[in-house]
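The block underneath contains the structure these notes are about, expressed in structure tokens.
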Amino acid sequence: MTADELVFFVNGKKVVEKNADPETTLLAYLRRKLGLSGTKLGCGEGGCGACTVMLSKYDRFQNKIVHFSANACLAPICSLHHVAVTTVEGIGSTKSRLHPVQERIAKSHGSQCGFCTPGIVMSMYTLLRNQPEPTIEEIEDAFQGNLCRCTGYRPILQGFRTFARDGGCCGGSGNDLNCCMNQKTDHKITLSPSLFNPEEFTPLDPTQEPIFPPELLRLKDTPQKQLRFEGERVTWIQASTLQELLDLKAQDPEAKLVVGNTEIGIEMKFKNMLFPKMVCPAWIPEPVEHGPEGISFGASCPLSLVEKTLLDAVANLPAHQTEVFKGVLEQLRWFAGKQVKSVASIGGNIITASPISDLNPVFMASGAKLTIVSTGTRRTVRMDHTFFPAYRKTLLAPEEILLSIEIPYSREGEYFSAFKQASRREDDIAKVTSGMRVLFNPGTAQVKELALCYGGMHDRTVSALQTTRKQISNFWNEELLQNVCAGLAEELSLAPDAPGGMVEFRRTLTLSFFFKFYLTVLQKLGIQNSKDKCGKLDPTHASATLLFQKDPPANVQLFQEVPKGQCEEDMVGRPLPHLAAAMQASGEAVYCDDIPRYENELSLRLVTSTRAHAKIKSIDTSEAQKVPGFVCFISADDVPGSNITGIGNDEMVFAKDKVTCIGHIIGAVVTDTREHAQRAAQAVRITYEDLPAIITIEDAIAKDSFYEPELKIEKGNLTKGFSEADNIVSGELYIGGQEHFYLETHCTIAVPKGEAGEMELFVSTQNTTKTQSFVANMLGVPANRILVRVKRMGGGFGGKETRSTVVSTAVPLAAYKTGRPVRCMLDRDEDMLITGGRHPFLARYKVGFMKTGRVVALKVEHYSNAGNTLDLSQSIMERALFHMDNCYNIPNIRGTGRICKTNLPSNTAFRGFGGPQGMLIAEHWMSEVAVTCGLPAEEVRRKNMYKEGDLTHFNQKLEGFTLPRCWEECLASSQYHARKREADKFNEENCWKKRGLSIIPTKFGISFTVPFLNQAGALVHVYTDGSVLLTHGGTEMGQGLHTKMVQVASRALKIPTSKIYISETSTNTVPNTSPTAASVSTDINGQAVYEACQTILKRLEPFKKKNPSGSWEDWVTAAYLDAVSLSATGFYKTPNIGYSFETNSGNPFHYFSYGVACSEVEIDCLTGDHKNLRTDIVMDVGSSLNPAIDIGQVEGAFVQGLGLFTLEELHYSPEGSLHTRGPSTYKIPAFGSIPSEFRVSLLRDCPNKKAIYASKAVGEPPLFLAASIFFAIKDAICAARAGNPDCKTKKLFQLNSPATPEKIRNACVDQFTRLCVTGTAESCKPWSVRV
């Protein structure tokens, strides 16, 4: 049968595709067929929003043009017939005019690495197309489906709030009495100049937006016909009528129905499922009908329309009729981002039959009715406990389809609630969901009907029938509560090895949810003055019934203005926007995978181990060779040079004979396209002989599996210190690992040049020189034949310092073997599986202290999980030991470090580099000292704090010790003591919600601890027109390094920044570079740039003297005509660096950065949920080179630390397989995760004489300040435990990091947790283990 032509529009241009493949996504088509690379691939599963576009179509059923955001990575092109697509390139450009959305995110400093920026721009643009004057709440809701790993979200929201009708930010101008900077503080604030000026923004003019394609509008009355698209493996049929759909299902009952592709797309990509025939019913009318018993929705109705319809119903119907609707709306509020809700259908959510569905428990509890049809039959069934007979199964026969669902009106005396608990509120998969309904006999509190339905408690949605049936005719009181809780605890049990783990937490949630429902109904009954044997609501319990509400935003950014008289062209100290921000916002900025494909380019896909430790018995590529476009398979046998690689020469480019982790690279397939490469890699068959594996730190300790050497720092007399101590506390702390989650995954393009072994590499790496060295070693050629080029990265955070070479060595080998350009960009799941992350740590400590709280002795044994190679683990452990004191002077101290060798992918550098782990351990035992002494934690911390001139435990003298200033300023500006009293009062008045405060300092050493890395070079070219091309050894990954280097050169040369340009970092301009890491890149590269500029200035000096009134261009031209070189190099090495572990002497650091943060949180003791109310930060960055960039780094680091300490959790199976391989299972902070009040102040008048222009490093030091959130949570848990008779140990308790909802809930011991204690059966393997 002949395939139809696919017709759609992209940015106003008509696209006719004669060979539409149903497996091709819109993202792939945009990037590879149309060359529109602004839309990014971040995850491939609709979880990050980097691929967001706007889709527009004429909706025949609503009789209007509709605009909605969508994930291009999930949208099949076949679903876009007669749809208009708008990408970031279609709304504005630096070459013409930026759209106001693009301009505002750029000028408000909302783009750092920029990889997420186009998607965020398109989410905001879509909102404005639908609502030109949105509310602040609508703006925040628009970004539920978008992630950013760099900015900390504040500048994005603050910039876009200028569009809001109810809260445009004045930018801190001080002209608005209601300014967020003037709210909720009595502390005197010296207003800074604003980071941006909203008055400079181009106004939004909705009349100037592109029109909907007239050709598509003319088709609105044309009858639709069935369409058929044929791909390599899949046929797509677009049904135009219900009868067509029924006939198609009758002909092929196994044909898969697809609407939004939000579930099927995931199954095809990540579960390797194939559906040869896909039928799309999206054109079939999806009527919304208001009937006598409820509102009926067609099964294809998008969830966004369901949400809008129910919101209208709640606003217009009597309150007693809308109880169920409110429950559905509460679930939809957190269901997913706009991109998913706009395309996902209500019927698809039901038929998917997910055991953790947000909506199915609600529909089941409400008694929703489903209309099911097939050819010649039609039936209506109630969605009850029988509808899901097994895992992912429904009662529908293969030939049947779901036609509609009717959500009922609630009745008088009927109450309904819906609940969900996940790791993160926005766009997260639930741990447990629930729908609960009760109907009372008229005028009484006697139960007539009770439905308690749950997701996440079985392999399907379940109804607690045994429990609920026993409550009929009982009264709504304390006795019923106890009976239901006891019944649920027995009926909804989970095996210790249940998939998803968190068994006690999930079981407890079933009771907690019912208790919330009980209180909510009790409250409503009380309002109605029903006293018929009804329980009474304790006022301290009332807050447990409140739904989550985020407080209005209040953000402050304070910094020191440049001195009066500073030249206007001197941009040092000014909040200059990131130089590439506008290009990033318009999609014009080029990242590695954005480079256009070469004519004969090939694609590579890695083949990795599925065993943690095993011998390789055989590799069979025969099936892979059958995949269309297959070229070759490469392995260790193809390496012409050395297969040995890695920082410690303990790795292999490709595993040979044996694998040592799941994800170990065995080989790679090379094909003509990315899709074919993926299929071919999956077809490679490897057989193994398993060997014993070591997965966890505890395993490694038990089996003495360590890398050498054991590290130790010791000072004072530990024996004497402990003997003199009044108290001694011992314990341990576990700190989980963290995934980098840079939005741009690892990417390499290798281009063989055809001469003398030359190879040109485009790589997303922080380490150009090591990449060059490793590739040269692998190919067996000198380093001078390998050119490595880096334009920019979409984030790095340490993850691209060494681990980028796992891709950048495989790709050039394929290019060498084939003689053709080869490209590889890892999928998100590959990247997370292969490249490692932050090291998990286990610390065992013993601390001795006096009754006054003064610590006199400390012993800490540190263990890190390094994985299967050493990589940078030794340096990371060294830094952990250097930071084991944090900010405290401990006279007698010993720290040891053991690096565990395990069968996990090698862990590596991550922002902070071991420092955060060392400091969190310090603050943990410090908090236990305070609790034991019965003293305020802030008093104990201050009492033990270093003073100016003190020596650290590694004998480095503290000079320029600004920490006390930071501490006092933070105490004052945060109103710590007053707010602590307010929190105590809140806790007295609320039983199930508790607040906590904490103030935490940080001291972070600045330098590579490997001395020779503290060097940098720069190259400056001055052209005859006066323009300057600047190159240095650092790479740009969003931290603003290139921007700061231009500012440094601008001041040094005394010319405007507009005359200076940085193109890229490359090994043929600046050789032998150090990695862009350790927060020192501005220090060392800035000084090298300065030195190069000074050389240029000295050469120009004679011409300036001859022509003092001349211009820069005049002097440059004169020098050129006099044959004076206008090119200069600069070089810098940090002086007086070097430390000996043997003698505990020398200086590992050039200087220290300091900061203090105070945070307040509120926890829900029943669910473990928490919200970050407020954070105040005071940070010493010296004399800031760029306050906007520095504040952005402070906020971004803090929010990344917030993820580390409260949210991000890696789950491994006992066999060493990573469960969390994407944004659906691994949660980083989202827009709603940040503190409602976020106040950052850069310490004034604190120049640093040891760095360029008196500045200080800023990238890593602020991250640890997020520990203030962790300890604020712990403070709130203490308040919960103190008031609960079920808790035996009130204040000393174990809280490992991260403080997830599971850990928070389990720590808030109460009558519900007591009912849900689950033993561990020896025969059961847990779903996940703590590595």
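Using the three backbone atoms N, Cα and C, a Cβ is placed for every residue, glycine included.
Per Swiss-Prot, Mo-molybdopterin is bound by PHE797, ARG911, ALA1078; the candidate from GLN766, GLN772, GLN874, GLN1047 named for the same site is GLN766. Annotated substrate-binding residues in Swiss-Prot are GLU801, PHE913, THR1009, and among ARG879, ARG942, ARG979, ARG981 the one listed with them is ARG879. Put simply, CYS43 is the one of the recorded positions CYS43, CYS150, CYS991 whose Cα lies nearest to the Cα of GLU263 (FAD binding site). Geometry remark: LEU257 (FAD binding site) versus GLU801 (substrate binding site), CA distance 45 Å. In the three-state DSSP classification, LEU257 (FAD binding site) falls within a strand. A separation of roughly 47 Å, to the nearest angstrom, links the Cα atoms of CYS48 ([2Fe-2S] cluster 1 binding site) and CYS534 (disulfide bond). Same-chain residues that are not part of GLU801, ARG879, PHE913, THR1009 yet have a Cβ within 8 Å of the Cβ center of the substrate site turn out to be LEU872, SER875, ILE876, GLU878, ALA909, GLY914, GLY915, PHE1008, ALA1077, ALA1078. Checking the recorded positions (CYS148, CYS150, SER345, CYS991, THR1009, GLU1260) against PHE797 (Mo-molybdopterin binding site) with a 10 Å Cα-Cα cut-off leaves CYS150, GLU1260.
In this record, substrate is bound by GLU801, ARG879, PHE913, THR1009; the longest C-alpha to C-alpha distance in that set is 17 Å.
Counting only same-chain residues six or more apart in sequence, the Cβ atoms lying under 8 angstroms from the Cβ of GLY260 (FAD binding site) belong to LEU74, PRO302, VAL340, VAL343, ALA344, SER345, GLY348. Helix first, then strand, then coil: DSSP counts for the domain '2Fe-2S ferredoxin-type' (4-91) stand at 15 helix, 31 strand, 42 coil. Neighbouring residues of the recorded Mo-molybdopterin site, listed in sequence order and excluding GLN766, PHE797, ARG911, ALA1078, comprise GLY796, GLY798, GLY799, GLU801, ALA909, PHE910, PHE913, MET1037, THR1076, ALA1077, SER1079, GLY1259, GLU1260 (Cβ within 8 Å of the Cβ centroid). Rounded to a whole value, the Cα-Cα separation of ALA1078 (Mo-molybdopterin binding site) and CYS148 ([2Fe-2S] cluster 2 binding site) is 22 Å. Among the recorded positions CYS116, CYS150, CYS534, the residue whose Cα lies closest in space to that of CYS73 ([2Fe-2S] cluster 1 binding site) is CYS116.
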